[in-house]
Structures are given as structure tokens and as C-alpha cells.
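Here TrEMBL flags 3-371 as domain 'Putative ER transporter 6TM N-terminal'. Taken from TrEMBL, the feature transmembrane segment applies to 72-90, 102-121, 127-150, 542-559, 571-587, 594-614, 620-639, 646-667, 687-705. The region 'Disordered' annotation in TrEMBL covers 458-504, 980-1024. Taken from TrEMBL, the feature compositional bias 'Polar residues' applies to 458-469. Annotated compositional bias 'Basic residues' per TrEMBL: 482-491, in sequence order. Feature annotation from TrEMBL assigns domain 'Integral membrane bound transporter' to 569-700. What TrEMBL lists as domain 'DUF2421' is 705-967. What TrEMBL records for 981-990, 1005-1016 is compositional bias 'Basic and acidic residues'.
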Amino acid sequence: MGLTVILGMGLGWGWGVLTMKAALVARPQADTNARLAELQRAATQNTTNVGQLSGQTTYAQVLIFEGFMLDARVTAVYYCMICVLIYALARMRVANPKFTLVQIFGTIISDIFLTTGPILPSFSGKIPLVLIKPAATAIGIGALCNILIFPESTSHIVLNNIKQILSPMIEFVDACRISLDTGARPLSRQRLKTAKAQGVASFRALEARMGFLPLDVSVCRWNSQDIGELKKPLRFVFITWIGLLEAQISRSQSTERLAQLQERSEAMKLGKVSEMQPKFGRHQIAQQLDFAQLFRNAETEDLITKSMSALHESSTPLLRKCNEAIQAMIETLSVVNEKKWYGRPSEEALSEMLQRHEKLLVDLRRECETFVATTTPRILDHHTHLFDVNGNLAPSPSLGAVPLRGVVLGLIFEERFTIFARSVTQLLAQFVALEGQRKTQRLWLPVGLRHFGSWVSGRQPTPQITPTSPELEMEKEESRSRPRHRHRKNKAASGEKDSQSQLPNASEQLASIHLHRGKTRSPLGRFVLASTHWISSTAGMFALRMVIATIAVAIPAAIPSSSGFYYREKGLWALIMAQLGLVPYAADFTFGLILRIGGTVIGGIFGMVVWYIGAGNGPGNSYGMAAIFVPFIIVLMWLRLFASPAFMQAFIITGATLYLTAAYSWVDTHIPSYGNPGVGYSVFWRRIVLVLVGFTASAVVTYFPRPPNAGRHYRRVLSRTLSSFQDRYALLVTHATHVEHENDTVGQSNVHPLGKTGFMTTVEKSTIDTADLLSSILGPIQLLKFEFSSTDFTAEGLGKITLLTTNINFNLFQLFYYLSQLPPEFKRRFFLLSGAFGEQFVGDFMGVLSLLSHSLETGNALPHVLPAPLTVRAFRGRVETFYHPHAEEHIGQNSNTVESMDNINHETGEESTTHINSVLGPIKRQMLETKNEGFRKYCVVLSSMVGLLNAIDDMVLVVKEELGEAHFVDIEKWTGGLGAPDRRSVHVADGDDETGAGNEVSDVNIKDNDTEQSTRKEKKTIAV
């Protein structure tokens, strides 16, 4: 940080000196000499006192400060060259947030040359030293204190951060284990969300700090490379732990949704109007409830309870052992990081700790193997009556469509517990290896100075210390993809053929999926378009606003009639405040403006308190001033270090204003000079006026000609995120269908499938980028309630959409991850059971996301009738397909699973359960036990698919609640709905699994024809 400040001041100083040289050359020396002679004559004619000073020299200085030497040619050179630097620094700040301090301090030093240089008669390159010397001194003192007073190396901070990430896991793993007990009270959802948010914040801070490990100098048992090797297994542990939290949050949301359905049902039966009764989307809700009825059965619910009890019994030893492992790692971190100088354990104690941890590692691996081997049989023991004597699934028709819901739900939790335990095992093994290899403490010097250059140039990921713009990050990704896309088009146009070594990787294919243009622009058109994008981009508009604000606030210093007033009233601070008030993205402008104004007022009040207590009515005493400064310094430093980072700028402005108020008062009484603002209250109100003037200028530049609406900013971010989901789903369908086609027709496919490693790396990067983007806007969205806006979207509605988008992102990654690991037979089963890869459903999926994206972008309402709910469309048609008598014939004739199932969708025939086994293969208990891992992953894939579609369906309802419905169609006469008369009450509800299933039955009203149709479907049994 100190280096960036020095770099910024150096750039500003060097460019300012060059500007001063060039500006003085612009005016002929004869004109300069003539003007100086006139200045001398004016000074000779006036020898009276001027303020606190007197004499010809003083009066000549006053004339200079009042613009006597101003010249339009000199001023033009100053403004042209300084504005070029300010524009370049602003663009550099937006392009690389690591240079934020470079931009701030470089701009401030340039402001000194801009406001003072034009009025000077000769070259004076040392004018910015009044700010450079104090800043450099402060940096030196800070560096010395960091080295000599309680030094903390990056390694120490990172290890402490790892401990903070691991510590909360113990409590919530226990909560997850206890929640499986049907009699236990689940943990509050708000507490789970808070733990998740805090964990994400801690992990992001860890990633930011790990970027500085190669430059670290530390005294520790482990070096920076050892600590860096912990990142990957720690990340695996953290992701799987978040999955456990998500499972509990989903169950809590299911319970709340069930309660809402119960309230609506009761209100309808009593003829009351419920406040929670949906006004829009009743047709979609009716279809969802009708479909959910197929999965409801009292005996099935009892089997789910028994499955959870069996899972609770088998998982208790494993999860307890996981907690012991986490506690052991925390113990290791305490010994390595916190007991360097005092309380250091003996060699015998360290050896004994290593032996305990090695034994714990062996026990954890054994418990994991035992859990995997025994859990599935325990769950299946409660479902023995569903299998015949040959082990084939043969449930009673009264059990509903999915009799194995308890098995599916239990295996989903089993998979999550298993991967969490394995991730903890990997991390503990890394800890044990380091304990055995690094037994002595020593001094470690930097080993990665070569990484510093790549970090500065941006080739390494940017540590997220300063907030970045989600829109800007998307613009960067789009700009990176354009050249590659054009290169591929040029290669295709020239007839160049790709060889095996030139196959497009996953990131390139994802970029090419986004858009295929029908026309090619001319070179001139591409140049004009690129120039327009460069100027109108986020970086270009921010830099342009910065230049406009600079010229508007600094121009009075270059006008003869106002230059003296500008100098006396310290107009430079108004200019600095105007530049500091501008931000690259307008969403944080209002919040930052409130913080800065509040910090200025509070700091000014504190400054007056310091001055009047330390000085009283006199000129002040250095010892008294020092004494009164102490408590304020302590309080401000504590707030700076330990308060929320969101309020950091307020505390910095408070401290700066406090110091300026007291310092200007001291200078006025001890070093009288022209333009001193006075003491105490006089300094305070002048400072307030300057700050308000500067922020007013920044507000005018920001809000005109078009006021940047923060809600529009966030809606655009969410719209582009949904568009990226379309690209990723297209990549998933492309990859999955090509792999399936390659398995069926070897050597006949001209499309090269993506490699598994590159494929998952690209998906993981996209998922993490999207998660960071969504988490960065989730908090600021709550501030929209204080914003004036003409849109119908509310802060609460956008918050719900952001959370649902986060769920889509999570489930889409789970779908990618587990589908790539599915064995072929279970992958085929998934293709047959769901319509996720059918042409019609893919069109529905893309259409719904496109409409949602368009509504977020434009604020237009969604149509009344949509291809939704997607959950029903994906599974209901496929379930009915399995009962066509010609299904097996069609499957045999067409080896392409997806294509054949699409063809079957157009056939009709009598329903027959025998064709389920002929298409999917019989479900045997032996298969569930021997192929346990594959079936577990298959259940997670199904759960992820349903969770993905449920989140999209819920987003449709939220958008309709926010914007209403358009193109209304009266469909009450031919389909089921909520709230219409002459309907019977039936028992339907969501379930209790992650996909939205619940525990109880709630009454909802649907039409008689829908009831009869659902009753017929209840007699079917769906193959899992």
C-alpha cells in the first residue's frame, strides 16, 4: 500500500514538472518580463499593510495569488496536460483496482500543479512537497512500526484466517447431525445464512491475503509454500461445508413454504382473503401443486422419517470424528502460529500431538469407509417390503409415484456427508504431513519475488481488497472473448482446419456459445464500434466524469477575478473532495456520499473539541494539544482497524477533518500567512462548505445528463448473469449429449468433446466468478429502499431474485460436477427419466431465462402464460412416456437416447409399468447396495436438477409479483387455478427434501378434472 502511494505521488509530481516546463515555454519570455515589470511597479506603489503582513514583497505575492500573472496560453497547456494524466489514472484505476491509491494520490499531486501552476511567474517544481513530505514521512513511520512494534507477517495473518474459517464449522456440523433427528429443533435459518455469509467473507479475505505470501518474511515452522498448499484442500472443505448449510437452509425454506400453503388453504376453506394469497401466477402454482400430489403418501412420509433416523444413527460417529479432526487442525494452527515466542510446547509434546493426529487420520478414514458401507443397507432395511423375493422393486400402487423418496433423500445426505468427510480427511492429511516435516522454527525469506511483476501486471487474480464493479468484470470478460471469437471466424473464413492440438478449450467454447452473428461488420465499422465501446465503457465514463469535475471545480483558480478568492478559501480541498466523491460505478455513490459528509461533520466537531480544550482562548500549547489528541487517536484507530470495512472511508474522513481543523488553527496562531482560514469554528464551517461544494460537483457530474440508477445497475447485473446461465446450460447439454453420442456411435462424431479437466476448470471458474459477483451486490441492494426510482422493482424483490440466482448458480454447478462423474448406466437413466436434454425442454428453458433476463433489463411484465413451471415440464412428460407400449421399440431403433425420447413424446398408448423396466432396467436392491456410489451421485444429480428448475420457477413468480402479468389469457375454464369457485379440496404439499418436499399435508383447491387426473396418476409408480 505504501509503495502504491509513493508511486502515485511520483507520477503526479513528475508529470506536473513536465507540464510546468511546457506551459512556461508557451508564453514568450518578452511577455513574461513585461508582466513582471508591471508587477514590480504595482508593488512599489503600495507599501501599506496587507492583512497580517506588510511590505512590497508581500504585496507582490498577494498580486500573484490573485492572478496577476495569469495567461491564457499557459493555462491551456496546464489544463490539457494535467487532464490527460487525470484521465489516464482514472482509467488505470478502473482497469486494475490495485492502482486505486496510485490514482488518488497522483490526482491530488496533479491538482496542486493545476490550481497553483498557472498563477506562478517562473518554474517552481517543489510546490507539491507540502503534501509529499508529510505523506512520505507517514509511510516511513508506518513501515517502521510494522517491523518493530508487534510485527505480523502475512503467514501469521493467513494462518489466523484459516483458523477463523475452521472454528465455526464444528458447531454447524453438530447442528446438521442433530437436525436429522425428527424430534430435534432445527437451527434458525437466519443464523445459518449469517454463518454462510461470514464464512464466504472470511474465505474471500483469505484468498486476498494469500496473494502476498510469495513476498512474505516470517519466523514460523511453515513457509509460504507450505501454507499455500493448504488452499486447495481447505477450499474443498469449505465448499462441502457450505453444501451442508445449504441443505439445512433448504429444509427450513420448505417448512416455511408449507406453512404458507397451509394458511392459504385454511383461508380459502373459511372463505377469507389471505394476505399471502398469490395475486399473480396462480396457474403456475396450481400446476406445481398438482404435480406435487403425485409424490405425496402417508406411508412414504413415514419411510422418510425412518430413513432420516437411520442416517442419523450411522452418521453420528463420522460427523463427530470430523469435528475431532477440525479441532485437531485448530490445535495445530494454535501451536504453529500463536506459540512462537512464549508457551512453546516441548519436543515430546509435539511428538505426542503428531501421533494423536496420525491416529485420528486413520480413524477418520476408517469411519468414512464404515459409513459408506453401512448407511445404504440401513436405509434400505426400512424399505424391504417394497422389493419382491427376487430383489426387484415391486411397491404397492398405494405408495404413490415415487416410493423410494426416503432412499433418495437419505442417499443425498449420505453423499454430502461422505464428500465432507473425505475433504476433511485430505486437509488433515496435509496438516499431518506438515507437522512431520516441519519440526523446527526458523526465519523464512521471500522465495517468489518473480510473482510480484505478474501480480502487478494483472496476470494473477486480483485480491479483492477494494470493491469492484460487477458490470466492469462482465465488460472485461466480454472484451477478452471478442478477439478469440474474431480469430476463429477468420480461421473459418480462410478454410483453415483445426487439428487435434488446436481444439477449442472449454472457455473458448463457452465464449463462442454466447453469440453467433449473422453478418460480419466491415473493418471501419468494427473500428468505430470498438472506439465507441472504449469511450463509453465503465472505465471511459468514469475517467470522463473525473475530467469534467476537475475542470468545473478548478477553473475558478485560473480566472483573474476569482483566483485570489480560490487561494484564500483553500478551493483545492473542494477539488479533491469532488474527485474523491466520484466512483467508477454509481451504485455506491449515494452511500459513499452520506459516509463522507457524516465523517466530515463529526471530524470537524472533534477538531473543535481538540482545539478549544488544548488551546482555550490562547494560541495553544503543544503539550496540551498532544494530550488531548491521544484519546481521539486511540478511538479512531480502533474504529479503523476493527469496525466494518463498509464504514472505513467515513472513519478516514473523520480523522483527516479532525487533524485539519486543529492543524489549521495552530498554523493561524503560530505561522501567520496570507489565506489562513482562522481558528476553531471558522476552520470548521469553511471545511464543511468546501466538502459540500466538492460533493455537489461530483453529484452533478454523476447524475447528469442521466441519473445512474442503482436499481437499474443491479438489474442489469442480474440480467447478464441469467444470460450467462443460458450459455452454461448450453455447454452442459452440448457436452453431455456429445459424450452420450460418442458412447453410442464411436468414431462417427465430428464434434470433439471437452476434456474433463478443462471442462470442470472452466465451469468452476465461471461459478466462482458468478458467486463473487452476486455476493458483492446482495448487501448494497438493501440500500435501494432509500433511492428514488420509477421502476416497479423493490429492494426486497431484487434481494429475493439475487438469492434465487445464487441458488441457480449453486445447483447448476452441482449438476455439472456430478453429471460428469456419473457412470454410463446412471447417466442413461437420468437422460430417460428427465427431459433436461430434450429439444423441446431446452427451448422452454432458454425461453424462460430469456424472458426473465429481458424483464430485469427493461422492467416489462412477463406474459401470463409461460412454458413454466419447468419442473413439471421436465419430468411429467417423461414420466408419462415410460408407460407407452412402444417405448422399448423406439429405444431399440435409435441409439441416441435424447433424440429417441423426443420421438416417443409424440406417441400415445396404454400405460404399462412393465415398460419402465424394459427401458430403464429393473431396480434391484442388490444394484443399490453394490453400486452405492454411482446411485448416490445419481440422486444428487436429480436433486440438483429439480433444485435448479424450482429456483427458476420461483423467480418467475417473484418477477410477476414485482411487475405483474401481461397478455392475460383467461384459462380458468380449462385448467386448474387457485381461488376460483366450485372446487374440491385435496391434500397436496411440497416434500421435505432439498428439492422442496415437506413433512405435512396442506389443503389446496383444484378443479374436479385436475383432481381426477391426479388420482389416476397416483396409481402409477415412477422408476427412480
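Using the three backbone atoms N, Cα and C, a Cβ is placed for every residue, glycine included.
Keep in mind that TrEMBL annotations are predicted by a computer and have not been checked by a curator.
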Taking contact to mean 3 or more CB pairs closer than 8 A (sequence separation of 6 or more), are the transmembrane segment (542-559) and the transmembrane segment (687-705) in contact?
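Yes, since the transmembrane segment (542-559) and the transmembrane segment (687-705) share at least 3 Cβ pairs closer than 8 Å, they count as touching.
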How about long-range neighbours of the transmembrane segment (646-667): same chain, 6 or more residues beyond its ends, C-beta under 8 Å?
592, 595-596, 598-600, 602-604, 606-608, 610-611, 614-615, 620, 625, 629, 632, 636, 639-640, 673, 676-680, 683-684, 687, 779
Hey, which of 72-90, 127-150, 571-587, 620-639, 687-705 has the most Cβ-Cβ pairs under 8 Å against the transmembrane segment (102-121)?
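By the under-8 Å Cβ criterion, the transmembrane segment (102-121) pairs most with 72-90.
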Ranking 72-90, 571-587, 620-639 by the number of C-beta pairs under 8 Å to the transmembrane segment (687-705), which range is first?
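Selected stretch: 571-587, with the most Cβ pairs under 8 Å.
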Treating G and I as helix alongside H, and B as strand alongside E, what does DSSP give for the domain 'Integral membrane bound transporter' (569-700) in helix, strand and coil?
108 helix, 0 strand, 24 coil
Where else in the chain does the transmembrane segment (127-150) make close Cβ contacts, counting only residues six or more beyond its ends and a cut-off under 8 Å?
2, 5-6, 9, 12-13, 16, 105, 108-109, 112-113, 116-117, 120
For the domain 'DUF2421' (705-967), report the average pLDDT of the model, please.
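A mean pLDDT of 73 is what the predicted model shows over the domain 'DUF2421' (705-967).
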